[in-house]
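Read through the structure below, which is laid out as structure tokens, and then see the notes.
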Amino acid sequence: MIHIKRNIFFGQVGIALKNKNFSLLTKAHIHYSVPPLSDKITNDHGINQIGVIGAGQMGTGIAYVAANVAKLPVKIFDLDPRKADKAFSFIERLLEKAISKERITPDQATDTKSRIEISTSISDLSSADFIIEAVVEDMDTKRKIFSELNLVTDENTILASNTSSIGITGIAAATKKPDKVIGMHFMNPVPIMRLVEIIPGLITSEHTLNVTKKLARSMKKTYTISGDAPGFISNRLLMPYINEAVIILEQKVARRDDIDTTMRLGTNTPMGPLALADLIGLDTCLSIMKVLHRELGDSKYSPAVLLQKYVDAGWLGKKTGRGFYDYEESQSYNK
Ligand SMILES: NC(=O)c1ccc[n+]([C@@H]2O[C@H](COP(=O)([O-])OP(=O)(O)OC[C@H]3O[C@@H](n4cnc5c(N)ncnc54)[C@H](O)[C@@H]3O)[C@@H](O)[C@H]2O)c1
């Protein structure tokens, strides 16, 4: 039986599943059988410290899960120090909520907070043995970060990207240790969504893959493995669906609420495609469509003109307070 409820921290619809044999793959309506998760956390991955680069919505969620679920020390770095501070406050709110729901004790929340450190320079992350990059979905930015990480980390440090669509092999080529580079694609919101898509690049070693699988398990995530193709499994399927919803809106085939209600009630999705686009971030959706279009060379992946216009206007969805919906009155992530 599926219960749909509001998650007040993310101000969005989350989903609680009573039947453990089902899990939610994305915010779309894909359900599939997964083995039940063990409550036992196995820390046999050999990782002593995690680094997170990018303290936006994804980096914040990843840091929270690493510190609170996998119980690992975490260092977070963002180019914008205000973002890192905001991430810490957001994690504090998540912990307060978890205490009020009696999911953790106040002492556990204190322990989790003590495991999180804000870094002011990327070189601070050199003590981490597994670093997860979660900055904007832009190949040049990611390659620059990976080439910097190549200089400040030793040969054994594993470097993961949370990219939604960009090729891991190309990102890895910015380093001198492509065997240590992997895709670790968390779903949004990270504390709730059970899936991590793992993407080995062409040169990723078996060891790197195995450590990443073990880390995902220690975060109590179920993983799937995808080949290194644009959009991987999740966004190859999800983004054209969202893009088509924007085209339908643009062509005035239907109004926003009719589009979302049709998919929510007609196909049992927790939220419609336009609300989901707002949650993901319209800039991220546009970037992913551009990657699919450029890399796969098929006009069916051409981004909707209206999507580009919203991004040009700075209407990026929940994180800026306005997208296809207006969030000014609610808790917007970046407000
Ligand atoms: N939003 C989603 O639903 C979602 C889901 C899965 C994966 N992702 C992927 O995760 C990544 C981050 O997405 P997000 O939604 O958290 O974005 P976001 O816009 O919320 O956050 C991005 C953060 O990166 C920081 N940043 C930018 N350039 C930087 C640099 N050079 N060094 C350090 N920090 C830098 C920004 O200051 C910002 O805080 C993207 O690759 C995205 O595709 C997003």
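Cβ atoms are placed via backbone N, Cα and C, with glycine included.
Here is what TrEMBL records for this protein:
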- G54, A55, G56, Q57, M58, G59, D78, E137, K142, S164, N188, K319: NAD(+) binding site (BINDING)
- 49-223: domain '3-hydroxyacyl-CoA dehydrogenase NAD binding' (DOMAIN)
- 231-327: domain '3-hydroxyacyl-CoA dehydrogenase C-terminal' (DOMAIN)
- H185: site 'Important for catalytic activity' (SITE)
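Features as recorded by TrEMBL, highlighted on the structure.
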residue : record                                  : contacts (Cβ under 8 Å, 6+ apart)
G54     : NAD(+) binding site                     : D78, E133, A134, V135, V136, N162
G56     : NAD(+) binding site                     : D78, K83, A87, A134, V135, V136, K319
M58     : NAD(+) binding site                     : A134, N162, F186, N188, V190
K142    : NAD(+) binding site                     : E133, V135, S161, T163, I166, I171, A174
H185    : site 'Important for catalytic activity' : N162, T163, S164, V196, E197, I198, I199, S226, F232, S234
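Close contacts with ligand 1, defined as a Cβ under 6 Å from any of its atoms, occur at G54, G56, M58 among the binding-site residues G54, G56, M58, K142. Considering only the residues assigned to NAD(+) binding, G54, A55, G56, Q57, M58, G59, D78, E137, K142, S164, N188, K319, the longest pairwise Cα distance works out to 21 Å. Within the set of binding-site residues (D78, N188), the lowest number of other Cβ atoms found within 10 Å of a Cβ is recorded at N188. As a summary of secondary structure, the domain '3-hydroxyacyl-CoA dehydrogenase C-terminal' (231-327) carries 66 helix, 3 strand, 28 coil according to DSSP. M58 (NAD(+) binding site) falls within a helical segment according to DSSP.
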